[in-house]
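Okay, handing you the structure first.
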């Protein structure tokens, strides 16, 4: 667009003429515009031609200005000057006029009356599109697939879309899908080089020229490295447990920045919820699975994995290192020994009972024989010791 007067063009300012009435100032110049259009497009080249009337004073230069605030001074001794500029946006529209400067009899510069105004109507840029991508958060993880969607307002003009990172056009992408009024950019397995602010825009074909839209609002993307593998622990620490005894496995994630879910594996196969009467508990970046009664032959190599909920997408981390757990079957010798001991004890107690009964029976029989005698016919009293 047209900017303020460059330094090399300065120094042409005419003397203040506010004390002079318009009739005392040089006559206004004539201004014309080429091409003449009811509406100018962005990218049009406009020529403003300013022609000073005949005067006996020497012409020193011309001045061009617009209502948007720009002004240009040009040094020349010719009576005609054409100023050209490109339309870059609505700020180049509005009223435009010119003046010229002469050297008066006192050899001082004197600016003329202003020309009539030329009104330029400039068509604005197409409205900005909206940019979204497939994540509810600006933080994503390396290796994810990002899908950007640039959607323009409804319209019938032919369009072409562009995506930008830090205002630089994105190239060498995996896939660009164009549809009516929208485009989709898919980036597979992103890396940390994709961190930054993304925008998009489109161009409309008008009168054979591609007119760029306003850019979309920026979308920030922060690509973080994947989480490291979690840590798996076992209780008992010896990693040897008897059948029907408790076994506890713990899994600790390397970070707690996103929503987490845990998975436990035995010999590479995920352990389904409730298998072997197991119970699972999650707290923060920690999870445990408890087998109150370890099933027989349930030993093997155990591991765990963590998945992070990153913007609605579950991103897995590497699995933990494997932990070998041995489940020992209960020994059959212990019940046998216990049964034998119980049988022996019962047999011994029975023997003691028989002995006691026999002694009591013999004692009662001997006492009766003494009382009856063997030939005297007389009863003999057996004295009893007082206690």
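Heads up, the Cβ atoms here are built off N, Cα and C, so glycines get one too.
OK, TrEMBL features for this one:
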type	residues	note
DOMAIN	29-99	domain 'Ig-like'
DOMAIN	129-200	domain 'Ig-like'
REGION	1-28	region 'Disordered'
TRANSMEM	333-358	transmembrane segment
According to DSSP, how is the domain 'Ig-like' (29-99) divided among helix, strand and coil residues?
3 helix, 40 strand, 28 coil
Quick one: mean pLDDT on the domain 'Ig-like' (129-200)?
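Mean pLDDT, the domain 'Ig-like' (129-200): 88.
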What are the DSSP helix, strand and coil residue counts for the domain 'Ig-like' (129-200)?
3 helix, 38 strand, 31 coil
